[in-house]
Amino acid sequence: MDTNSRNWRLARKAQLLVASALLLLQNYLVISLEASSVHIVYMGEKIYQNPQTTKKYHHKMLSSLLGSKEAAKNSILYSYKHGFSGFAARLTKRQAEAIAKFPGVVSVIPNGIHKLHTTRSWDFMGIHHSTSKTAFSDSNLGEGTIIGVIDTGIWPESPSFNDEAMAQVPSRWKGVCQEGEHFNSTNCNKKIIGARWFLKGITNQTKKLLQGNNTNEYLSARDGIGHGTHTASTAAGYFVGNANYRGLASGLARGGAPLAHLAIYKACWDFQIGDCTDADILKAFDKAIHDGVDVLTVSLGSFIPLYSYVDQRDAIAIGSFHATAKGITVVCSAGNSGPMSQTIVNTAPWIITVGATTIDRAFPAAITLGNNRTVWGQSIDTGKHNLGSVGLTYSERIALDPSDNLAKDCQSGSLNATMAAGKIVLCFSLSDEQDIVSASLTVKEAGGVGLVYAQYHEDGLTECDLFPCIKVDYEVGTQILTYIRRSRSPRASLSFPKTVIGKWISPRVASFSSRGPSSMSPTVLKPDIAAPGVDILAAFPPKGTTKSTSFTFLSGTSMSCPHVAGIAALIKSKHPTWSPAAIRSALVTTASQTGTDGNVISEEGSTLKAADPFDVGGGHVDPNKSMDPGLIYDITTEDYIQFLCSMGHSSASISKVTKTTTSCKKEKHQALNLNIPSISVPNLKRAATVKRTVTNVGNITAVYKALVKVPNGIKVRVEPQTLSFNSDTRVLTFNVSFLSTQKLHGYYKFGSLTWTDGKHCVRTPIAVRNTQFES
């Protein structure tokens, strides 16, 4: 080869190297100019048992993507290395797409936002602190169990978290008391045995807001909102005598498991009233699994539409899957988007999903009209107002601009101050954007001295804290309006509210409680169960005023969720070897179907429609009966894996999650046969058969007979109709066959299957929908 040829080749190589370098530089500059955002790289079950080895593996993977260890160090926020494998990092869109193709990566999830689903309740459910046999006495008040709370933190000084009667911290506990702003190690005790806080998933912009004067937030596990304090005390608060809210609802406050320990995981922050990011939520799950909790209560959720459970954007489903696989019972709120159907969230089958109901306590307040007629509403405004009989007017009559409708529901700036001054104002709720507190501000600014707020008959009371506010339904509001229109000089007086117990039919399903069926997996009946969630009195941070109190009322499925978590801890204390599925089964199959009047539980509202399984699941939780369910429906992780197969996941994709060899079975009706304590057949074309297996946990020798409440238009056959258990036979399988007898109708019909041995009644709710009828 001559010299010229060699020189040409060397020059050509140099050109190619320069061009490649320029191309790499160009790509680097393009990527570096792209906006980065937090993504979660989810990798399923851990490959390595050593957490530090898992962390190094994550850093190595990210380094190979970003080009250096330093870039990886600056990008990564969290390494999930205890309960499962993955990490949260700041990535551009291109980088996220690239790392999604790396071996072992299940999915790359944008860092989404979840919202919070924002005492008499235990007496109402039959749990009394006495010597009689109850769930409290059966389980020794939950002693020795650990309830983890993923929420907004805790106010440790609340008397609900007194540890004088608490046992020593369990030796298996591996958690810490993480210090921070106004929170140090002395804030933990034998009740609050651990506290952690997670903020890295929040954007830098939001962090500045949290650190400024825009919130009451603390950069620590201390609760600046109150939501987490309320849920923690509902689940496991200790006994507090004479607990009340400004004199209302006075009594003995306590949580579901008063002697259970609490582990606090603050993942939600006071930005737009309780934001929780996927990255922070997953880190909370990861640490809770490491620390050794028995039960997790999670009163927050995503939005419709729902995402697939383990390979897309449902952080709660992913975290709870790994927690459940490690024996932790996860309880979640159903959401507050009711009463419309298909609004329920947290619908994964390994989660216990809880709807909300009322209790038998109310706070009536009288409105005495100028014609001496008295009508009633409800209120928790107890401030001294010294109102005698004063002028009464309708907001539309005193509109600043009569040509618009803003004054009807007292929207800001809509009222004529001259005409409102010194009067009680009647407003009607007409939009979702307006509520009683906003209306009270409008009336107060216009010089009004009281508010009567008429709205759709829904549950939950909110204090205005400005002047007397009374909530009425539309019927009473219309009666008051009729009086105003007929009177030349309408007047009224408002009474103080009082506490009344046992006079209201309850429980009733709260109007806000999200309803089933699940839009993601309709073969999994949701919610699982319902529990008190309306006007629940529980611990709360002080407001820093002379009227400050350490207890307050809150409503939402956020409040019903920790009720069930506390009961789950009681069951775990009595039956320490039971799986999360067994605990869920005990709760669902023993739930109550009737209210205090002896009739079936109804929906909240004037029509009192009978509640169905998409409102309450198995029914209203019955703590005492759940201690001794007789039979349980148990489930293994392998069963959940086969369920995921039925949802369309391949063996290969599931193996990425479990890090085991997975073989998807090709059984007919596989989704229907997940061994949950309910039956939902969403697409009955003509006939279908569902299989279930029960385990005897009652008397060693027992004979159970099947009783069926048949859904309308459906024939049901149970085989066998008798289950006989003895010392050699503890587990038996049965089939339930459904046959449509009507033409296509396309909506659900409901029934139930109950196995009874004369002592236990093991009830399974049934929902069936015809979709095609073939003759």
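Using the three backbone atoms N, Cα and C, a Cβ is placed for every residue, glycine included.
TrEMBL labels come from automatic prediction, so no person has curated them.
Per TrEMBL, the feature active site, charge relay system maps to ASP151, HIS227, SER558. Positions annotated as domain 'Inhibitor I9' by TrEMBL: 38-117. Positions annotated as domain 'Peptidase S8/S53' by TrEMBL: 142-597. Taken from TrEMBL, the feature domain 'Subtilisin-like protease fibronectin type-III' applies to 673-768.
Overlay of TrEMBL annotations on the structure.
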{"residue": "ASP151", "record": "active site, charge relay system", "DSSP (3 states)": "strand"}
{"residue": "HIS227", "record": "active site, charge relay system", "DSSP (3 states)": "helix"}
{"residue": "SER558", "record": "active site, charge relay system", "DSSP (3 states)": "helix"}
DSSP-derived helix, strand and coil totals, residue by residue, for the domain 'Inhibitor I9' (38-117): 30 helix, 24 strand, 26 coil
Around the Cβ of HIS227 (active site, charge relay system), the count of other Cβ atoms that are within 10 Å: 26
Neighbouring C-beta atoms (10 Å sphere around the C-beta of SER558 (active site, charge relay system)): 31
Same-chain residues at least 6 apart in sequence whose Cβ lies under 8 Å from ASP151 (active site, charge relay system): LEU116, HIS227, GLY228, THR231, ALA232, ILE264, TYR265, LYS266, ALA267, CYS268, THR297, VAL298, SER299, LEU300
Secondary structure tally of the domain 'Subtilisin-like protease fibronectin type-III' (673-768) (DSSP, helix then strand then coil): 1 helix, 61 strand, 34 coil
Reported mean pLDDT - the domain 'Inhibitor I9' (38-117): 95
